[in-house]
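Undergrad: Structure below; questions to follow.
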Amino acid sequence: MSNSTLPSTDSIKLTEYSHGAGCGCKISPKVLTTILASQLPVFTDPNLLVGNQSRDDAAVYKLNEEVGIISTTDFFMPIVDDPFTFGRIAATNAISDIYAMGGTPMMAIAILGWPINKLPAEIAQQVVDGGRQACMEAGIMLAGGHSIDAPEPIFGLAVTGQIALTDLKQNDTAKAGDRLYLTKPIGIGILTTAQKQKKLKDEDSHIAVNAMCQLNSIGAQIAKINGVNALTDVTGFGLAGHLLEMCQGAKLTAKLKLDAVPLLPRALDYLAQGCVPGGTHRNYDSYGEHLPELTDHQKAILCDPQTSGGLLVAVSSEAEAELVALLNANQIEPICIGSLEAPTTATNVVLC
């Protein structure tokens, strides 16, 4: 297709050019286990403090006795139609992994796949500018990148960060008695699916976008609280999936207060209209055996894939007040969704 026959920039809806959306594109945990099961001899490096063994949010390399380097990458297909907003969301989501380890970002490089015979280069430029905007908000440079001709639009970042090793937080170091806090509401997958199904009302189009564009920069401050024992962000595997990683890594059971889980406005309305992303079903098929028996409604909430979702924090009861004060001071509603305890059942999550 020549440039003269490409669609006009005003008529383009990016979600129509991809088979999936946002972190809902992630390969399911079960399939990912197969992919990562290497047949090669194990190679270790004592300075690699966090690798993929615990499926944490990023890799951490010990630079010296005090400082570590954090490295992560994240990219996906369009979750919204507007190119600038897509780029901003994708970049915000990628940078989040640095904050989820308790670190601060240093720089980023872009990852771009673009169907050059289907979409004008000017649209890709807007996507990259959205990524630049998110990087600016995080206080870092978009320092370079790599692009390929691809059948569907893809954008994301590889991000480098730093961490004081005393502040390093992981997803598998929670302790019995910890309280669980979530910093963003659930329901992004439901609302973005409503958009893809053309059911989303214009007056609701900002709800998921505003949540996805909110940086998780509070993670760097949360990590400085001594009683915060584990930290992760909630993304494509849904709240249940990332909570399971936290529980299984620390050999604990979560008592989850389902009624306390915050939901985005109108999420339940669109759920009632059947706006359930395919990633929800893939998530449940991958880890449902580790959950208690759930209704379809409960599955749709707990397994809803989030894009640029919030932080899941495990904090000791002694440090809980300090965490609540920090969240309040940063205009984040402190919402306790449950607690962790020594295993008492065959499942890793108990609803209460």
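A Cβ is built for glycine as well, from the same backbone N, Cα and C atoms used for every other residue.
Residues annotated as active site in Swiss-Prot, with sequence analysis given as evidence: Cys23. What Swiss-Prot lists as ATP binding site is Lys26, Ser54, Arg55, Asp56, Asp74, Asp97, Gly145, His146, Ser147. What Swiss-Prot records for Asp57, Asp97, Asp233 is Mg(2+) binding site. Sequence annotations record features per position, and here Swiss-Prot assigns site 'Important for catalytic activity' to Lys26.
I'm curious about the neighbourhood of these features; can you describe it?
TA: Non-local contacts of Asp97 (Mg(2+) binding site) by the CB criterion (under 8 A, 6+ apart in sequence, same chain) comprise Asp57, Ala58, Ile70, Thr72, Asp74, Val159, Asp233.
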Undergrad: What are the other residues, in sequence order, whose C-beta lies within 8 angstroms of the center of the C-beta atoms of Asp57, Asp97, Asp233 at the Mg(2+) site?
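TA: My list of surrounding residues reads Asp56, Ala58, Thr72, Ser96, Ile98, Tyr99, Ala100, Met101, Asn216, Thr232, Thr235.
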Undergrad: If H, G and I count as helix, E and B as strand, and all else as coil, what does DSSP give for Arg55 (ATP binding site)?
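TA: The residue in question, Arg55 (ATP binding site), is coil (DSSP, three-state).
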Undergrad: When the number of other CB atoms within 10 A of each residue's CB is tallied over all shown chains, which of the binding-site residues Arg55, Asp57, Asp74, Ser147, Asp233 has the maximum?
TA: Asp57
